[in-house]
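Feature annotations, courtesy of Swiss-Prot:
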SIGNAL    1-21  signal peptide
BINDING   95, 207, 283, 346  substrate binding site
ACT_SITE  208  active site, proton donor
ACT_SITE  316  active site, nucleophile
CARBOHYD  336  N-linked glycosylation site
């Protein structure tokens, strides 16, 4: 999801400002914290077209929270995970990146400083130690995390943060040796902290990687080599791409998302042996399609995943209004489509110590009518199916 700052609620901004106003902690010179110890459970695996979580095979639901790793109040983090656990949601996708080109002076959280051709991982209390706590709380509450390593969009730095530090263009990121070396060093730094944690659902290459106008071989080669690298560091966890599902002949109506103009070939990329499952997103209003069109998008990807012999995760979907009326049919379609083994709505909202969590326009909040419709009732349907 590409965030729209103008849609953040005032309360959400206040919450973020309160978090960033806390005193700055130590910087990248601090030694890494030890990986949070694993609680009883098991590593997530796949079985045919299904996911297996803690020994249970079936369909699982979850959500996205780009902001949780940037919170400085541990109680807020624990509150979110306790509500996820209570509601029956099992997976949370979080930003594992927060790239900056200049070190913040206000004490705000950042993970990775990219400047003047160099890259420094922030392992301090205002850096990856915040992600440490997210992983630790997820372990305690039995929630599984998808952690990604970079953003295609400029929110929280993204690929353009690398471009500003090393030169070139966003398209160059996938093939530039210097940018890829910095990216891989960051991947290694993150994975080394959590490789033994059963809270990790999967490592994800990026949020919505695109290469507009590129041959599909550019993304393919990058996905293949990067996923191989991740597996060389950690063979215990699943690996996925984090793509939107663009570039697909199966079920195609010729509309923009099915085309290959963003440099992605969904089926070809999914066939890479070191990619364990498929990911796809759904935002009709951003793609020039209709809400009803989304049901075909879901079934098309289910068919492609079935053909590949791997499960699919309906990883992001959202609208800015009428959440229940619009998103419920998508959930039902996903739940009843072979090879779709889970869905994560965009995005989770809760009441934190400083006010409501950020609202990018697609958020709905814990305890609301929309939450009952799209979480409580959805979990009941999943439990009935499983």
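Each residue's number is its place along the chain shown, starting with 1.
Here the Cβ of each residue, glycine as well, is placed from N, Cα and C on the backbone.
According to its DSSP assignment, residue 207 (substrate binding site) is in a strand. Pairwise Cα distances among 95, 207, 283, 346, which the record gives as the binders of substrate, peak at 19 Å. Taking a C-beta cut-off of under 8 angstroms and a sequence separation of 6 or more, residue 316 (active site, nucleophile) has the following same-chain neighbours: 1, 64, 93, 244, 281, 282, 283, 344, 345, 346. Residue density at residue 336 (N-linked glycosylation site): 14 other Cβ atoms are found within 10 A of its Cβ, drawing on all protein chains shown. Sequence-distant contacts (6 or more apart, same chain, Cβ under 8 Å) of residue 95 (substrate binding site) comprise 66, 67, 69, 70, 148, 151, 156, 207.
Within its own chain, residue 208 (active site, proton donor) has 1, 2, 151, 152, 153, 242, 243, 244, 281 as residues 6 or more apart in sequence whose C-beta sits under 8 angstroms from its own.
A 10 Å cutoff on Cβ-Cβ distances gives residue 346 (substrate binding site) a total of 23 other Cβ atoms nearby, all chains included.
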